[in-house]
Amino acid sequence: MPLSQYPPAPPPADDDPPEEPPILGSWGRMYATVLVAHVVLIICFYLFSQAYA
Amino acid sequence: MSTIDWMVMIGTLTAIVSYGVIKTRSVDNVKSYLLGDRDLKWWTIGLSVMATQASAITFLSTPGQAYDSGLGFAQFYFGLPIAMVVLCVFVLPIYYRLKVYTAYEYLEGRFDLKVRTLTALLFLIQRGLAAGITIYAPAIIMSSILGWSLNLTIFLIGIVVIFYTVMGGTKAVSVTQKQQMIIILLGMIAAGVVVVTKLPAEIGFNDALNIAGNLGKLEVIDFNFDLNDRYNIWSAMLGGTFLFLSYFGTDQSQVQRYLSGKSLTESRLGLLFNGLLKVPMQFLVLFIGIMVFVFFLFVAPPVHFNNANLDHVRESAYAPQLVELESENELISVRTNAAARSLVQAIKTDEPGRVATAKQTLQEAVDARKLVASRVDELVTQEAKDRGIDAISEDRDYVFITFVINYLPVGLVGLLLAVIFSAAMSSTSSELNALATTTMVDIYRRSIVKDRDDQHYLRMSKYLTIGWGCVALLFATTANLFDNLIQAVNIIGSLFYGVILGVFAVAFFFKSVGSRAVLNAAIIVQILVGITFTLSYFEVIDLAYLWLNLIGCVLTILIALLLENSGVNDGPRGDVLDA
């Protein structure tokens with residue numbers, strides 16, 4: 001299909017089915033897991049620095 | 001470099017490029033060329049996103065940064081996981097629902113063509129400049145190793161990247177990046193293991209950490225709030241988050257990676273995968289730099305890591321002074337070796353007084369070494385000035401590659417060079433692909449030639465890729481004007497990302513603001529950011545560049561709201577397309 005036939009920005013389809021993540025049941029839990037893991041990592045970095053200071 | 005290393009390096013790179021070309025030989029229409037076939041799984045997206053960000057600069061400059069300043073640079077990436085989550089929640093669903101080719105395409109529906117064109121142009125300027133630096137970084141290595149001219153090396157690297165990017169488009173970029181990222185991770189882990197095994201037999205891994213820690217090299221987190229400090233947790237969490245929101249949410253070189261996902265779920269998983277893995281990966285790269293630092297406490301480092309600079313000084317009237325400084329460096333290395341061993345012994349006895357004395361002795365030896373290095377830097381600068389040129393005496397970017405070439409075993413040297421080339425090719429190919437796509441979709445096809453057939457746009461996309469490749473090569477030849485490559489890329493990004501992110505933030509979250517207000521705000525703030533950076537550059541004000549992202553974004557939003565509410569900037573609001 002020619003590129004010119006693709007409209008720049010078609011209207012959103014309101015009936016798109018919601019997509020679920022493969023694990024943890026909801027995207028909210030997925031995001032929370034990533035953020036908690038990040039906080040744990042920062043705490044580990046802090047403890048690591050303190051241990052060898 | 002040995003024959004085996006050459007075989008490993010050329011074999012690895014040839015295999016990856018051939019794989020990319022073969023896998024994408026069926027790309028024969030512009031949609032496949034610019035978006036792939038939208039069939040990528042999350043791990044390919046995640047690795048592709050990581051490979052796009054991790055250029056050769058990451059693997060050359062970052063260990064040198066740690067060697068010089070410790071682990072604090074890791075904080076720079078602390079905003080990244082937060083940005084990944086924000087993008088997954090707010091931005092990806094909109095891009096997917098609107099089925100856009102580029103991030104800027106969305107802005108035309110939300111505002112108008114002028115806003116779309118302005119943001120596309122800001123992207124093209126900053127990414128076009130950065131693409132040159134990502135080619136330049138590996139070129140300095142090869143020119144240094146082979147004794148080739150720098151420009152010839154830049155040209156050869158650029159041609160390989162342009163070749164497979166032109167051949168296979170977006171899909172070639174993504175499929176090669178997956179292989180490249182695997183090689184990169186394996187190579188860096190191998191380098192990390194080898195540097196630890198190269199330490200003296202009686203110095204264990206924990207001893208190495210104790211030495212580095214006592215010299216202040218392991219301080220990852222800095223809680224002090226200082227606007228002029230480039231890397232503290234506050235600038236990282238605020239400025240860094242805005243930088244990454246802008247980079248991953250609005251920079252087409254990244255947007256194009258996750259828009260080629262099979263579904264919204266795959267793209268979200270790819271970004272979250274990046275959010276989980278990126279900070280540990282950067283920490284690993286920095287940590288290798290720390291281990292190289294400890295290694296050079298026991299083995300005499302070069303008095304200056306850039307051999308090309310040293311060669312110039314050796315051939316000049318300053319040669320006797322250099323010989324003297326090299327002798328002094330050797331003597332100091334005997335001191336650092338003995339002092340580091342004493343510190344390890346002192347720590348084992350657990351006597352605070354003895355530890356403090358040993359630490360002070362080692363610190364004094366390290367300071368003496370730095371002093372000698374700074375005197376060599378002065379010779380390098382003076383010798384270059386005598387030749388009428390401005391030399392770059394900064395040698396941090398050469399630290400890791402010097403270690404790789406001189407101390408890694410045969411075979412692994414070739415693999416690590418393949419790592420650096422892979423990183424350069426992966427990020428450069430993404431950039432060329434995105435530059436060509438944005439020019440094609442947002443400028444050429446939208447405003448210049450609107451109604452031609454698919455083959456015309458496919459052919460033009462390839463020409464545009466070649467054209468941007470040539471622009472990148474041109475800028476690569478001037479990249480030595482910057483004293484630290486990784487910072488140069490981030491500074492260029494920070495100059496433009498804040499405004500671009502501000503425009504997108506208005507589009508997503510302030511539905512009452514129209515096109516004229518946001519366009520005027522973007523232009524005003526871009527000028528203000530330029531002035532602020534100039535004042536900072538000439539030390540009139542103290543401001544670390546990361547804050548430019550926050551300033552640019554917040555000011556764009558505030559001024560757009562102000563202009564809109566003043567009633568003189570009415571314009572289209574894109575009610576239909578607003579998500």
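Glycine is no exception: its Cβ is also placed from the backbone N, Cα and C atoms.
Caution: TrEMBL annotation is automatic and unverified by curators.
Model, not experiment: these values are computed from the prediction.
Features of the protein shown, as given by TrEMBL:
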| type | residues | note |
| --- | --- | --- |
| TRANSMEM | B:6-22 | transmembrane segment |
| TRANSMEM | B:42-62 | transmembrane segment |
| TRANSMEM | B:74-96 | transmembrane segment |
| TRANSMEM | B:117-139 | transmembrane segment |
| TRANSMEM | B:145-169 | transmembrane segment |
| TRANSMEM | B:181-201 | transmembrane segment |
| TRANSMEM | B:231-250 | transmembrane segment |
| TRANSMEM | B:271-300 | transmembrane segment |
| TRANSMEM | B:463-482 | transmembrane segment |
| TRANSMEM | B:488-510 | transmembrane segment |
| TRANSMEM | B:517-538 | transmembrane segment |
| TRANSMEM | B:544-563 | transmembrane segment |
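Between the transmembrane segment (B:117-139) and the stretches B:145-169, B:463-482, B:544-563, it is B:463-482 that has the most C-beta pairs under 8 angstroms. Contact between the transmembrane segment (B:544-563) and the transmembrane segment (B:488-510) holds: at least three of their C-beta pairs are under 8 Å, each pair 6 or more apart in sequence. The stretches the transmembrane segment (B:42-62) and the transmembrane segment (B:517-538) do not meet in space: the count of Cβ pairs below 8 angstroms, excluding pairs fewer than 6 apart in sequence, stays at fewer than three. A contact links the transmembrane segment (B:6-22) to the transmembrane segment (B:145-169), because at least 3 Cβ pairs that are 6 or more residues apart lie under 8 A. Beyond its flanks by at least six residues, the transmembrane segment (B:145-169) meets 1, 13, 17, 20-21, 23-25, 27, 32-34, 36, 135-136, 138-139, 175-176, 405, 417, 421, 424-425, 428-429, 432-433, 461-462, 465-466, 469, 472-473, 476-477, 480 of its own chain at Cβ-Cβ distances under 8 Å.
Here the transmembrane segment (B:488-510) does not touch the transmembrane segment (B:271-300). Their Cβ atoms form fewer than 3 pairs under 8 Å, with each pair 6 or more residues apart.
Most Cβ pairs under 8 Å to the transmembrane segment (B:271-300), among the stretches B:74-96, B:181-201, B:231-250, B:517-538, belong to B:74-96. The transmembrane segment (B:231-250) shares the most Cβ pairs under 8 Å with B:74-96, out of the stretches B:74-96, B:181-201, B:517-538.
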